[in-house]
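Asks: Got a structure here, written out as structure tokens. Questions coming.
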Amino acid sequence: MCFGMKILRHEEFEEGCKATCNGPYDGKWSKTMVGFGPEDDHFVAELTYNYGVGEYRLGNDFLGLTLQSSQAVSNAKRLGWPLTEVGEALYLVEAPGGYRFYLVDKDQPHNDPVQKVCLAVSDLQKSTHYWSSLLGMKVIERNEEKKTVLMGFADTQCKLELYNIGGIVDHGTAFGRIAFSCPHKQLPDLEALMTKENYKILTPLVSLDTPGKATVEVVILADPDAHEICFVGDEAFRQLSHMEPSGNALLDKAIAEDKSDEWFAKHNKQKASV
């Protein structure tokens with residue numbers, strides 16, 4: 001409502017994902033994909049909800065998402081959401097849970113309004129090598145003063161910004177990850193490359209089922225600071241990621257039927273804080 005993103009699809013799962021898509025949690029969970037447009041050509045956020053978890057401890061790994069939309073700024077002001085001006089036509093807002101978003105107070109572009117995602121790193125040179133030389137991202141800008149590197153796979157896509165925090169990257173307990181699609185045939189080669197270069201593979205090539213939808217194959221990696229990176233076969237992902245006209249209704253139904261808070265209260269228990 002505040003940013004103007006749309007519910008693209010909503011899915012429910014009875015048990016934890018074998019690729020830890022919902023973190024290292026075994027119980028019932030759901031995911032909701034939100035964004036400004038179709039997953040084929042927009043950055044989208046995957047919101048995961050573990051029914052038995054009430055709170056996560058945030059780390060210093062995810063430093064924020066920047067989007068350009070004067071409408072989002074207007075919405076935040078109208079809804080009374082706290083805004084902090086941190087630059088010229090630039091505002092910081094914290095979403096529920098403490099996640100940071102930076103809003104550029106300019107007209108929303110015709111393409112994807114999401115401009116960049118910023119991740120913390122401990123060694124900028126090492127991380128830049130990993131993301132550019134091994135994963136194939138193009139370095140767009142280096143800023144020695146700000147200790148940042150801006151990268152991307154294409155000029156029209158959301159960019160990745162690496163920021164050197166000069167210390168250990170703490171991932172907390174929310175276990176977020178960044179994901180990309182690529183041709184299915186590239187997944188084994190990517191896994192082999194990381195094995196050869198002696199970088200961590202969190203989940204070797206595996207098939208993941210979504211009830212009533214396409215089965216996708218993924219490889220999940222970890223960069224030098226243990227940021228989780230998921231590569232998914234594009235062909236099946238395009239089938240899985242079709243926008244659902246019923247996405248809003250499915251989410252509303254799941255929220256209405258979620259009695260987990262009542263169950264914990266009835267049994268005089270609290271949801272886990274992890």
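For all residues, glycine too, the Cβ spot is worked out from N, Cα and C.
All TrEMBL annotations are machine predictions without curation.
Residues or ranges marked as domain 'VOC' in TrEMBL: 1-106, 113-234.
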Asks: Quick one: DSSP breakdown of the domain 'VOC' (113-234) into helix, strand and coil?
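Replies: Grouping H, G, I as helix and E, B as strand yields 23 helix, 52 strand, 47 coil.
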Asks: Quick one: DSSP breakdown of the domain 'VOC' (1-106) into helix, strand and coil?
Replies: 10 helix, 48 strand, 48 coil
